[in-house]
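Working notes, structure below.
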Amino acid sequence: MFPFKKRLSLGTLSRGSLWLEFQLNNAYLLRWLVLALVVGVLAGSASALFLWLLDWATAFRETHLWIIAFLPVAGFLIGWLYHRWGKEAEAGNNAVLRAIQQPAATQVPLIMAPLVLVATILTHLVGGSAGREGTAAQMGGALADQVARLFRLRPRYRQLLLICGLSAGFSSVFGTPLAGAIFGVEVFLLGHLRYQALLPSLLAALIAHVVTTAWGIEHTLFPVVEGPTLTGWTLGATLLAGICFGLAARLFSWATQAVSHTFKTTIAYPPLRPVVGGVLLVLVVWGLGTTKYIGLGIPTIEQAFVSGLPPYDFLLKLALTALTLGCGFKGGEVTPLFFIGATLGNALFPWFPLPLEVFVALGFVAVFAGASNTPLACSLMAMELFGAGIGVYAALACGVAYLFSGHSGIYGAQVVATSKNPYYAREAGTRLAERKRRFL
């Protein structure tokens with residue numbers, strides 16, 4: 001597309017060439033402004049509808065607790081819908097990531113958007129422990145792919161538009177456009193950033209956020225957290241906490257994959273897997289006598305910033321989420337990871353010389369950073385949600401959690417572009433799903 005055969009610097013370009021370069025840049029910006037506008041409006045509107053339905057489902061469940069008994073029924077319906085019409089969409093976020101990695105060979109089916117919307121709302125309505133990011137990202141990716149087909153984009157531009165869809169979905173569901181933009185660029189290749197996608201994904205993320213807000217959606221507001229003066233003690237505490245958060249992320253990824261593998265190898269008929277899982281979830285919720293560990297868990301996350309919580313909260317949420325998603329219910333992993341990280345930070349707080357709200361905020365983003373392998377996006381998310389004062393500590397915690405989570409993660413389609421540790425350089429070029437299922 002660029003007409004020059006040799007790379008030209010500003011010092012060697014003639015006045016005419018500079019004008020041509022300026023025009024080409026204008027055309028490129030206009031192209032992606034239009035495409036990002038279309039994707040941002042579609043993804044932002046889809047997320048607004050999803051968040052409105054999710055609030056309704058959560059409120060209905062909490063005032064009609066008898067509906068939790070219908071977990072097996074909803075599980076069969078979800079399993080049957082995907083078995084009948086959604087086999088190509090079953091992979092969820094991993095299907096979108098594969099399409100980004102192989103834009104000329106893989107498509108994202110449009111049916112993914114309505115299927116994951118209905119399935120996620122059903123999951124939350126009856127009391128599954130799941131999140132929302134995965135749903136928004138899948139809808140954004142599916143809608144972006146339809147736009148790419150409509151405009152007949154070449155594979156390399158289709159790849160960029162799919163990244164825009166991921167970024168738009170993430171941004172609109174959490175109200176974090178900067179983190180959303182980086183998430184789309186960072187997530188599909190572990191250890192590599194696609195800088196060419198940065199401007200388009202930022203435009204799509206900002207537009208989607210504005211559109212979702214314009215529909216009247218209000219995002220959860222968290223307290224502004226100021227990090228203390230950086231000293232040897234606070235630095236050491238942050239590094240140790242990052243190790244704990246990284247191991248928690250690793251445990252979550254391993255547990256979810258282990259549950260999924262167990263259900264797939266023991267129950268041949270896919271629609272029956274969430275039925276059995278639903279029965280187990282009903283028994284666990286009934287045995288615990290609380291709905292604290294199902295749904296999104298936002299009230300518990302908010303409570304973690306201001307008061308002590310039982311130290312086992314993060315383990316119970318981890319177990320219920322792994323069971324919910326592993327057996328075949330639908331929803332995201334990210335908000336449960338926020339819950340796990342926030343409550344783990346709350347549990348670790350008495351042992352470290354950092355304020356409670358700092359530890360909770362670090363756990364909130366660092367466990368997600370380790371599980372998704374997106375430390376840059378999560379560092380930005382910390383500053384968007386909790387203020388710039390937490391930035392240095394968040395970057396440290398996310399970086400350490402990213403390292404100690406190893407080559408594991410919630411997105412099995414991620415390809416190891418650059419190994420986290422030189423000792424594991426031989427794993428470069430492999431997908432996370434190709435590694436053996438082990439915790440250590």
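A Cβ is built for glycine as well, from the same backbone N, Cα and C atoms used for every other residue.
Residues annotated as transmembrane segment in TrEMBL: 32-53 (among others).
Taking Cβ pairs closer than 8 Å, the transmembrane segment (65-83) reaches residues 89-90, 115, 118-119, 122-123, 125-128, 270-279, 281-282, 285, 291, 294, 327-330 in its own chain, all 6 or more past its ends. Residues annotated as transmembrane segment in TrEMBL: 65-83 (among others).
What TrEMBL records for 104-126 (among others) is transmembrane segment. Long-range contacts of the transmembrane segment (104-126) within the same chain, counting only residues at least 6 positions beyond its ends with a Cβ under 8 Å from a Cβ of the stretch, are 46, 49-50, 53-54, 57-58, 60-61, 67-68, 70-71, 73-74, 77-78, 81-82, 85-86, 88-89, 92, 95-96, 98, 132, 134-135, 138-139, 141-146, 155, 162, 278, 295-296, 324, 329-332.
Beyond the ends of the transmembrane segment (160-185), by six or more residues, the same chain brings 32, 35-36, 39-40, 42-44, 46-48, 50-51, 96, 99-100, 103, 108, 132-133, 135-145, 147-148, 153, 193-198, 200-209, 211-213, 219, 334, 372, 374, 376-378, 380-381, 384-385 to within a C-beta distance below 8 angstroms of the stretch. The transmembrane segment annotation in TrEMBL covers 160-185 (among others).
A Cβ distance under 8 Å defines the sequence-distant neighbours of the transmembrane segment (197-217), meaning residues of its chain 6+ beyond its ends; these are 29, 32-33, 35-37, 39-41, 43-45, 47-48, 51-52, 140, 159-161, 163-173, 175-178, 180-182, 184-185. Marked as transmembrane segment by TrEMBL: 197-217 (among others).
Remote same-chain partners of the transmembrane segment (229-252), defined as residues 6 or more beyond its termini with a Cβ less than 8 Å from a stretch Cβ, comprise 314, 318, 321-322, 333, 337, 340-341, 344-345, 348, 352-354, 359, 362-363, 366-371, 392-393, 396-406, 408-410, 439. Residues or ranges marked as transmembrane segment in TrEMBL: 229-252 (among others).
Summarising the annotation, TrEMBL assigns transmembrane segment to 272-289 (among others).
Summarising the annotation, TrEMBL assigns transmembrane segment to 358-378 (among others). Remote same-chain partners of the transmembrane segment (358-378), defined as residues 6 or more beyond its termini with a Cβ less than 8 Å from a stretch Cβ, comprise 179-180, 182-183, 186-187, 190, 193, 222, 225, 227-228, 238, 241-242, 245-246, 248-250, 252-253, 301, 304-305, 333-334, 337-338, 340-346, 348-349, 352, 385-386, 390, 393-395, 397-402, 404-405, 409-411, 414.
As annotated by TrEMBL, transmembrane segment applies to 385-404 (among others). If one looks beyond the transmembrane segment (385-404) by at least 6 residues along the same chain, the residues whose Cβ comes under 8 Å of a Cβ in the stretch are 176, 222-227, 230, 234-235, 238-239, 241-243, 245-247, 249-250, 354, 358, 361-367, 369-370, 373, 375-376, 378-379, 420-421.
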